[in-house]
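Copied over from TrEMBL, here are the features:
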- 10-275: domain 'YjeF N-terminal' (DOMAIN)
- 47-96: region 'Disordered' (REGION)
- 112-116, 182-188, Asp218, Ala337, Gly387, His452, Asp523: (6S)-NADPHX binding site (BINDING)
- Asn113, Asp178, Ser221: K(+) binding site (BINDING)
- 302-587: domain 'YjeF C-terminal' (DOMAIN)
- Lys494, Gly495, Ala496, Val497, Thr498, Gly522: AMP binding site (BINDING)
Amino acid sequence: MKDAWSSDEIRKAEEPLIAAGEPLMARAAYGLAQVVLREVALRRAEGRAGTADGARQGRARLRGSLGSDGLPGQARVRPGRVVGRRTADAGAPGGRGDVRGAHAVLLVGPGNNGGDTLFAGAHLVRRGMTVTAVLASARAHEAGLAAFRAAGGRAASLADVRVPAVVELALGADVILDGLVGVGARGALRPPAGGLVRALADARDAAADRWPYTVAVDIPSGIGVDDGAVPGPVLRADRTVTFGALKPGLLLPPAAQTAGEVELVDVGFPASPASGAARRNGVARHAWGTTDPAAGRVLRLEPADVAALWPAPGARDHKYTRGAVGVVAGTSTYPGAAVLAASGAVLSGAGMVRYLGPEVVGTRVLLARPEVVVAGGRVQSWVLGPGVPALDPDDEGPDDDGQARRIFGALAAVTGVLSEDVTGGRMPAVVDAGALTMLEHRLPPSVVLTPHAGELAELLRGLGHEVDRTAVEARPLHWARTAHQATGGTILLKGAVTVVAGPGDVYAQADAPAWTATAGAGDVLAGILGTLLAGRSRAVVEDETLAARLAAAAVLVHGRAAARASAGGPVAALEIARAVPAVVAELLAGADPA
Ligand SMILES: NC(=O)C1=CN([C@@H]2O[C@H](COP(=O)(O)OP(=O)(O)OC[C@H]3O[C@@H](n4cnc5c(N)ncnc54)[C@H](O)[C@@H]3O)[C@@H](O)[C@H]2O)[C@@H](O)CC1
Ligand SMILES: [K+]
C-alpha cells in the first residue's frame with residue numbers, strides 16, 4: 001500500500017530528526033543525484049541524450065549573460081530563439097554510467113527544496129556534468145549554493161538572465177531539475193517562478209520529444225501538496241524524486257498526472273506501517289464529519305493489498321456463502337449495459353448473479369452469460385443503474401421498462417428504509433448511472449456511488465452545490481469528500497486516477513490505461529465491485545470503512561484487466577471483463593499482473 005503524508009505530517013516527522021542532527025538534506029540530495037545520474041546515463045546509453053552540440057549552444061548563449069566569474073553580467077540573450085535540437089548522438093561519451101559532458105539545468109527556489117537541488121547539483125558537477133543553476137528568487141539556500149559553487153557549478157539569477165534565456169538553456173540541456181518549491185509551497189506559484197514555469201511548460205508542449213528529461217524535486221513545483229490541485233502553472237515531470245514519504249498530491253488527480261514516475265528516497269523517516277501512529281504523533285487527526293480537508297489518509301492499494309481483500313472461496317464455500325449479486329441494469333433501449341455489468345460480476349467470481357429487468361434484456365444477458373439467473377431472490381449485494389436512464393421528474397412515464405421501480409425497491413432495502421423482515425436486512429450496493437438520480441434517503445457507507453465527474457457534478461447540484469464537471473475535475477478529492485458527507489454513501493469518482501472517499505481514508509487508484517475511457521467500461525467495474533461487496537456483505541455493513549477499500553480493490557482489478565486486454569491498443573469493455581479471471585488468479589498467486 002502506498003501511503004501519503006501531508007505536509008504537516010512531513011514537518012512533524014522531520015523536526016525531531018533535524019533536532020537530532022540527522023543529515024536529512026544531504027540524504028535527500030544524494031538520493032536525488034543518484035536518480036539523475038542513473039537516468040542521464042541510461043538515456044545516453046540508449047542514444048536518447050541531447051546532443052553535445054545542443055548543450056554547448058545552450059550554454060554558449062547563457063554564457064553571454066554571465067560575467068567571467070559565472071555571476072550574472074549585462075549581456076542579454078535574444079529572446080525567442082530555440083537552440084539545441086535533441087537528436088541521438090552516437091558519438092556521446094560512451095557507455096552506461098557515463099554522464100561526463102551532460103548538461104543539467106537546476107531551477108532553484110528560496111527554501112530547502114532549492115537547497116536539496118543545489119546540493120544534488122554539486123554531486124552532478126563532481127561526476128563530470130555541466131550544471132547551471134537558475135536562482136528564481138533573491139534568496140537561495142546559503143550552504144547549498146556555497147557547496148554548488150565550490151564544486152564548480154555555475155549559478156545565475158533569473159532576474160538577470162530572464163525567462164527566454166532559461167527556456168533556451170533548458171532546450172539545450174539533458175536534464176532539468178525543478179527545485180522551485182516543495183512541501184513549503186502554498187497556492188499557485190507566484191512571480192517570478194510562476195512566469196518561468198509557465199514559459200517552460202509551454203516550451204515543453206511545443207518541443208515534445210526534444211524536451212530534456214525533467215525531474216521534479218520532492219514534488220512538481222506548483223501542485224497542491226495536500227489536495228492534488230493544480231492551481232497554476234506546473235512543469236510536467238518525467239520523474240518525481242520525493243523525500244521521506246509520498247505526498248497526497250503525488251497520488252491525487254489532477255496533480256498526480258504532472259508527476260511522472262514517482263521515486264521515493266529514504267531520508268530516515270520511520271517507515272513501517274507499525275510506526276504509522278508514531279510518525280503522526282502530535283498531528284491532530286480530525287474526526288470524520290469535520291470540514292478539515294486533511295482528515296483521513298490518502299492511500300493507493302497495490303496488488304498484494306487486493307489479494308488480501310479478495311473473497312477467495314474456501315473448501316467449504318458454496319454459491320450462497322460466496323455471495324449472490326443482484327443486477328438491475330439495462331433497458332430494451334440500452335441492453336448492453338446489463339450484459340457488461342453481469343459479465344463483470346460473473347467473471348470476477350460471484351457465487352451467483354441474478355438479473356432483474358425486462359425479459360428482452362434478460363434473454364440477451366443469458367445468451368452472453370448462461371450462468372446468470374434471470375429471476376429475483378436473496379442477494380448479498382446490489383448493482384443498480386448501469387444503462388438505466390436518469391430519472392426525469394418532469395417526465396410522466398419514463399421509458400425504463402420498470403427499472404426505476406426495481407431500483408427504488410432495492411434502494412429502500414439497502415438504506416434500511418424497509419424493515420428487515422421484508423428485505424432480509426441491509427446489504428451493500430453499487431449505485432451507478434441512472435440510479436444516481438434516484439437517491440431519496442441518507443445512505444450508509446456500504447452503498448458505493450460510482451459517478452464520473454459530470455454525474456458527480458449533477459448529484460452535487462441536486463444537493464445545492466454550485467459545481468460543474470470542470471470544477472469537479474479540478475478538485476476531485478474535495479468534491480468526492482463533499483458528496484460523501486452530503487449523501488453518507490462511499491463515493492467512487494471515476495477518472496484517469498479514480499478517487500474513492502468514504503468515512504476514513506481516501507484511495508487514489510491509477511491502474512488503467514487511457515484506452516479504458518470507453519463506453520461500457522464503467523458497467524464492468526460496477527459488476528466487479530458488486531462481486532466484492534457480495535463476498536464480504538456482512539463485514540461491509542458492519543465495518544463502515546470496508547466498502548471504500550473494496551471499491552479501490554475493484555478499481556485496481558478493473559484497471560489491470562483493462563491494461564491486459566488493451567496490450568497498448570484499443571480495448572472493448574467486454575474484453576476487460578474477460579481479462580478479469582487471469583488478473584485475479586495472478587493477484588492471488590502473489591504476482592503483479594501489470
Ligand atoms: N521532508 C524531508 O524529509 C526533507 C525535506 N527537504 C526539503 O525541504 C522542502 C521543504 O522546504 P521549505 O519548508 O524550506 O519550503 P520550500 O522549499 O518547499 O518552499 C518554501 C519557500 O517557497 C516560497 N513559496 C511558498 N509558496 C510559494 C508559491 N506559491 N510561489 C512561490 N514561492 C512560494 C516561500 O516563501 C518559501 O521561501 C521539501 O519539499 C524538501 O525538498 C529536504 O531538504 C530534507 C528532507
Ligand atoms: K519542486
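Yeah, the Cβs are placed from backbone N, Cα and C, and that goes for glycine too.
Where the annotation comes from TrEMBL, it is an automatic prediction and has not been curated.
Owing to the predicted nature of the structure, the values given are computational and were not obtained by experimental measurement.
Here the features listed in TrEMBL are painted onto the structure.
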residue	record	contacts (Cβ under 8 Å, 6+ apart)
Asn112	(6S)-NADPHX binding site	Met25, His141, Gly182, Gly184
Asn113	K(+) binding site	Gly179, Leu180, Val181, Gly182, Val183, Gly184, Val217, Asp218, Ser221
Gly115	(6S)-NADPHX binding site	Met25, Ala29, His141, Ala143, Gly144
His452	(6S)-NADPHX binding site	Leu493, Lys494, Gly495, Gly522
Val497	AMP binding site	Leu251, Leu252, Pro253, Ala256, Gln257, Pro476, Ala508, Gln509, Ala510
Thr498	AMP binding site	Leu492, Ala508, Gln509, Ala510, Ala552, Val555
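Proximity to ligand 2 at the level of Cβ atoms, with a cut-off under 6 angstroms, picks out none of the binding-site residues His452, Gly495, Ala496, Val497, Thr498. A Cβ distance below 6 Å to any atom of ligand 1 is met, among the binding-site residues Asp218, Ala496, Thr498, by Asp218. The two recorded residues, Arg186 ((6S)-NADPHX binding site) and Asp178 (K(+) binding site), have Cα atoms 16 Å apart. The record gives Lys494, Gly495, Ala496, Val497, Thr498, Gly522 for AMP. Within 8 Å of the mean position of their Cβ atoms, the other Cβ atoms in that chain belong to Pro253, His452, Leu493, Val499, Gln509, Ala512, Val555. Annotated K(+) site Asn113, Asp178, Ser221; additional same-chain residues within 8 Å of its Cβ mean position, judged by their own Cβ, are Leu107, Gly109, Gly114, Thr117, Gly179, Leu180, Val181, Gly182, Ala216, Val217, Asp218, Ile219, Pro220, Gly222. For Asp178 (K(+) binding site), the same-chain residues lying six or more positions away in sequence with a CB closer than 8 A to its CB are Leu107, Val197, Thr214, Val215, Ala216, Val217, Pro220, Ser221, Leu235, Ala237. Per-residue pLDDT, averaged along the domain 'YjeF C-terminal' (302-587), amounts to 95 for this model.
Annotation note: His452 ((6S)-NADPHX binding site) sits in a strand segment as assigned by DSSP.
In this view, the densest Cβ surroundings among the binding-site residues Gly495, Gly522 belong to Gly522, judged by other Cβ atoms lying within 10 Å.
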